[in-house]
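Q: Pulled these from TrEMBL:
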TRANSMEM  6-23  transmembrane segment
DOMAIN    9-254  domain 'G-protein coupled receptors family 1 profile'
TRANSMEM  70-88  transmembrane segment
TRANSMEM  109-136  transmembrane segment
TRANSMEM  165-190  transmembrane segment
TRANSMEM  211-231  transmembrane segment
TRANSMEM  237-256  transmembrane segment
Amino acid sequence: MLYLIIVLGNTLIVTLIITGPHLHSPMYFFLANLSFVDLWISSVTTPKMITDFLRENKTISFGDCMCQVFFVHFFGGGEIVLLLVMAYDRYVAICKPLHYSTIMSLRRCIGLVVSYWITGFVHAFSQMVMIIQLSFCGPREIDSFFCDIPLVVELACMDTSTLGIFLNGASGVLGLTFVVLLISYTYILLTVRQRSKTAVSKALSTCTAHITVVVLFFGPCIFIYVWPLSIPWVDKFLAVFYSVITPFLNPAIYSLRNKEMKNAMKRLRNYYVDSEVSI
């Protein structure tokens, strides 16, 4: 049921933004991309998770395991850059409103989208190059619901110290990105504080949704990839959280707190109701 809601909710947001002319702005353009990425992050892991719940023999081939590792980090790495792009968009919109349309031109928006797809691919490919060279000769049991790099590395029967340094560097980038995002939103709110109360409430309404999504995404990732202590049941819970719960909550966070999105849903509902009446 959760997975069906994820698919329907994120598909609805993408459809509303594409079909609604009043939603053709950079903020909603990036929101549509976020929903698209969330849909695929969940689709990489959840269907396999569901089938494993329904059968006793919970196995996965090496090729499928590597595919999960690649696409989880492809879409996950892309989402990190996308959240940075969304923070930059809010900074320009709130702190430099008169130059917003010039700075966030269509060409720049497309360039930013291309940059996060490229970053996600480079991140995932670099991880795969390291993982694919490992040799596995011992037990091949992963204590989780899907394949991920730390779990696969633990199964290797060779020295993984060099890979550990590389993974620690990637974890450092993850933590640094989270700090940069929090600082950027804090700066936005401090800047708006000097303006009218109307501007403050509007900025708070917009930024609160963004900050909530950032915390929901980065919180579990930091505990899994950055936190030095590893507790298997906590890691499993957090892995499910960022691959299932976060994509499930994101559509609700943005639609329930966004007046334009709620109006777009009402228009879509009225359109279908009127169509049924005329029929």
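In case you wondered, yes, glycine gets a Cβ from its N, Cα and C as well.
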Q: Counting only pairs 6 or more apart in sequence, are there at least 3 Cβ pairs under 8 Å between the transmembrane segment (237-256) and the transmembrane segment (6-23)?
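A: Checked: the transmembrane segment (237-256) vs the transmembrane segment (6-23), in contact.
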Q: Taking the transmembrane segment (70-88) as reference, which of 6-23, 109-136, 165-190, 211-231 has the most Cβ pairs under 8 angstroms?
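A: Per the Cβ count, the answer is 109-136.
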Q: Take every residue in the domain 'G-protein coupled receptors family 1 profile' (9-254), average their pLDDT values, and give the whole-number result.
A: 81
Q: What residues elsewhere in the chain lie close to the transmembrane segment (211-231), defined as a C-beta under 8 angstroms and at least 6 residues from its ends?
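A: Long-range Cβ neighbours of the transmembrane segment (211-231): 34, 76, 79, 83, 87, 148, 150, 167, 170-172, 174-175, 177-178, 181-182, 185, 238-239, 241-242, 245-246, 249-250, 253-254.
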